[in-house]
Amino acid sequence: MSLATADVREELGEAPLRPFHWMLVGLVALATLFDGYDTLIPSYVIHFVVKPWHLSSSSAGFLVSSGLIGFAVGSLVHGVVADRIGRRPTLIAGLLVSGVFSVLTALWGTSFASFITLRALTGLGLGVLLPLGTAYINEYLPDRVHHRLAVLGGGGFGLGGVLAAITGVNLTSDGNWHVLFYLGGGAAVLGLVYLAVFPESAEFLVARGRSAEAARLMSRVRPDRAAFYRTADLVVAKAEKANWRLVLAPAFRKRTIALWASSFLLLFSVYGLSSWTPELMIDRGEGFATGYVFGAVLQGMSIVGAVVGGLVADRYLGVRRALMVWCGLGAISTLAVAFTATTAGNMIGVGAAGLFIIGGQFLLNNVCAVTYPVQARGTGAGFMLGFGRVGGILGPYIGGWLLDGFGGTRVLFVAVAVASLLAVATTSPVTGRADAVPAAAGLPDTVPTP
């Protein structure tokens, strides 16, 4: 007698929301919190090292960009690794690498050259956390709430940015910025904890023939079907082996290029704003602490933007249209900051920019996660953010170059507004959800194994 068949994606997508889902959201949010914290703390180091290290504005911007170089490499490489060995070990490795090198930055990052080298190595681990966490959480969440809860998981990045600003204000008053990186070492501790508590993706387990393990995890999501899962033939639609070529196959090529362009523009905007807003507000006459508060508002409002954007995507517009609206409103917000001269106006504009631009990046991560089938989901997210990190690398550096060339504080915000407006156009071709490989994907029936 043949066994009943159960599609893992359908079973998980139709599940009611349970405490297990909230646990996974919390675990992913903690990982992305360290991502946001460790990625953005160099923004709060610039003030202390520009004069001692004799840095121009463009060189100071590279203090942030250097970590994003490693981030780009980590984003590109981790997706292929995660699709082959699993989401769990890859994410844990990212936490361990980023935590260890954060501590080494505190110990040995005493010059411009040593600092940027160690930051690039830290980025190798950080590049794993947000794209993989987003792809992972999308594989477990019920369809009716997956946009809202997925952006909560990714929203830990914004909370980490707020934490970076708070610690930057309160722990560096004596110029001891090294303590910020010691705190970043907590990522390694979290990685050790995750060895015991972080579950593997059920879809990945089934795709690798580990159905008994997947059945146990799925029973935690739908305990009423636990007996059925123990005897059912669990399947993932077209569960081919991981294949990096799939993201550029004809069926996905247009969406892939659009995702890469959107990621480039949004991350240019995100890191241009994140790295320079505190310092530029100080240049506009705000106090040291107030300048850092602007950084906290920018990151804090990104969490609101992610949550509200996910709600709008689920209930009203769909995630692609919601992202287009967010990018357009982000452009308006940053233009407002460029031409505002009051503290209150700047605060409102910066908060709105965080809500729509950084919040929009969380939406884009979620668009990517539902664009590709499971066997290319990690790879697709990694490639998108790896390419996007080029924009992230250029944002702080070009921001500094523009400030050196034009002076004042207005030019950076205008540049970010232009990039956000362009992202509206590049987001337009991104559409569709793929849980299986279309027949027209343009790939051979079998995929070579390494």
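Backbone N, Cα and C atoms are what each Cβ position is placed from, and that goes for glycine too.
TrEMBL entries are annotated by machine, without manual review.
Note that this is a predicted model, so its numbers are computed, not measured.
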The annotated transmembrane segment range in TrEMBL, which must be one of 116-137, 204-225: 116-137
Contact ranking winner - 20-40, 289-311, 323-341, 380-399 against the transmembrane segment (347-368), Cβ under 8 Å: 289-311
Whether the transmembrane segment (257-277) meets the transmembrane segment (289-311): three or more C-beta pairs under 8 angstroms: yes
The transmembrane segment (380-399) in contact with the transmembrane segment (177-198), cutoff 8 A, at least 3 CB pairs, sep 6+: no
